[in-house]
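Participant: Here it is, the structure, as structure tokens.
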């Protein structure tokens, strides 16, 4: 490989008019075998260069050949000034971080930070570790938003241009992936090696849940309500559970395994409530229209729980026909979306979803009450957060 590099370099110069020679040091990155015995080898069979060994090579240069400085820039010298190296690292860090820093400037409700603080009432994790957990969950959440917006072709995020429409899809996805890797690196600082496999398994579950959601959309497959809930438990619930998992691994509280299991169930239930509520609000809330666009989920082809119920109860197949036009047109018109909402209302799907959310909210509150009894500690912070998410009727 190194000999081929040298050969390629030689072709850049006019050897026929060479009048001087330049000696450079080639630093080898991989072991390769000489065709001839190296000077310091006693073997007649040929030797080898070990990793990072050096070999001095004479290169003929013409009168008009590039200067030695140019040659050194062609990766034949690993020497680099500390100033140049610092500038390069600073620039690459700025470029890699820019899309992520952009999404951090967008308005946020701070739900996940408040959620972690509320769980910590019971788990008593030290402040330093709690800060890392908040940062990690924020990194995973925001990087997933960057990816989601690109996958869904969403032009807006929280009322501002989506990250991929500002930096381009390639740069946005590269940064999102980069941030996920950085998050996992930070997780390694606060959990032991034995627990790391379980933690990364939870992160993997998030992507698997998202994969199912995307697959249904791409192939126009209408999932059952049970399948939808399983997907939500993976896609959204897993990130909520990851918060609990990281807190539990760093907890200084005396909390029983049964209490942790009950807390995990409550957290999964809250994750389901959160996703169903978010999808429902996308259909009926004017604030969501300002932030994301009018019924944007319908443009994306996403199967929300409300839409699944409406399709199951639509004997006229009107919804099926309208949704098929999205695949033809690329998106639905405002009038088509209004017709979808009309069918949902007529079929009782909007009311059904609203009632279901009310029941889920009641169950979450009941789980909190049960945990307060078992832990002998009230959790006003978690109660306040759940009340904040309560659907206004």
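Numbers here mean position along the shown chain, with the first residue as 1.
Just so it is clear, glycine is given a Cβ too, placed from its N, Cα and C backbone atoms.
Sharing the feature lines straight out of Swiss-Prot:
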BINDING   109, 112, 141, 158  isopentenyl diphosphate binding site
BINDING   148, 152  Mg(2+) 2 binding site
BINDING   148, 152  Mg(2+) 1 binding site
BINDING   157, 235, 236, 275, 282, 292, 302  dimethylallyl diphosphate binding site
BINDING   278  Mg(2+) 3 binding site
Participant: Beyond 109, 112, 141, 158, what residues of that chain have CB atoms within 8 A of the centre of the isopentenyl diphosphate site's CB atoms?
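Facilitator: Neighbours found: 108, 110, 111, 142, 145.
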Participant: Could you state the CA-to-CA distance between residue 282 (dimethylallyl diphosphate binding site) and residue 158 (isopentenyl diphosphate binding site) to the nearest Å?
Facilitator: 12
Participant: Can you tell me the three-state DSSP label for residue 292 (dimethylallyl diphosphate binding site)?
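Facilitator: DSSP assigns residue 292 (dimethylallyl diphosphate binding site) to helix.
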Participant: To the nearest Å, how far is the Cα of residue 112 (isopentenyl diphosphate binding site) from the Cα of residue 236 (dimethylallyl diphosphate binding site)?
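Facilitator: Spelling it out, the Cα of residue 112 (isopentenyl diphosphate binding site) and the Cα of residue 236 (dimethylallyl diphosphate binding site) are 12 Å apart.
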Participant: Within the chain of residue 235 (dimethylallyl diphosphate binding site), which residues six or more apart in sequence place their C-beta under 8 angstroms from its C-beta?
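Facilitator: Looking at Cβ-Cβ distances below 8 Å from residue 235 (dimethylallyl diphosphate binding site), excluding near sequence neighbours, one finds 206, 209, 210, 212, 213, 275.
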Participant: Name the secondary structure element type, per DSSP in three states, that contains residue 236 (dimethylallyl diphosphate binding site).
Facilitator: coil
Participant: Counting other Cβ atoms within 10 Å, pick out the least crowded of the binding-site residues 292, 302.
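Facilitator: Result for the binding-site residues 292, 302: minimum number of other Cβ atoms within 10 Å at 302.
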